[in-house]
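TrEMBL lists 142, 253 with the feature divalent metal cation 1 binding site. Residues or ranges marked as divalent metal cation 2 binding site in TrEMBL: 179, 203.
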Ligand SMILES: [Zn+2]
């Protein structure tokens, strides 16, 4: 059960008035089963204190259920994490636990590293076979562009990888989850050029109000994470207020982006509850109505968890 590391983690919020879905989380990193590749030392926020163990999968299941975060989407964003994810979602469903769906892709920062070693194309083929062969794998993501962490020399391979993932999502009929960091215009342009998959989701939406309108016109979903609660996020909150209700989703990106006032600590899917409450406040809706709406949106976008 909750290991010693539970002390490092923010407290579990009061249960929501209606359940919600964490549509994007990394339990591979949360549990320490896999740490991000190529990133050197893991950032302090992804792990418990030095002398503590990573919490177990059961800790994240129990805390999520107690907060009303009844369903999650586990995302593996390099090859080992993609394999880990496919295995886990299969195992959970075999055990009769229907709380979890999965997704896999090569992260935009991972694509140039693979390309450098001549392994990008083989990796893309494996991603496609992992998602195509498994009904619990409903997402191709996270893919997209990251001009914050990857320099100019990686841009061409990043864009090639993004285009390939768009094609994979369309061929396999899965939803596309986009990582867009400081690359709004190019992400939107490439989606237009390639033709976006039927279900396209901006994971950890980070655009402004004008971009939210553009996404709404194109029918894209906007998924909000813990950064919606940050003190300096007024522009993001205006975007969340402007997006159409039927395009809104909730997520954590755990262990990253832990909501205020616990920013900088490692998080878990249970903290979707904090973001959902902020979203209700921003939209001037009751907690119950907002959560019911985003719960329904997640099913419309990703299908049934049962
Ligand atoms: Zn992520």
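Placement of Cβ uses the backbone N, Cα and C atoms for every residue, glycine included.
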Residue 179 (divalent metal cation 2 binding site): secondary structure state under DSSP, collapsed to three categories: strand
Neighbour tally for residue 179 (divalent metal cation 2 binding site), based on other Cβ positions within 10 Å of its Cβ: 25
Residue 142 (divalent metal cation 1 binding site) in three-state DSSP notation: strand
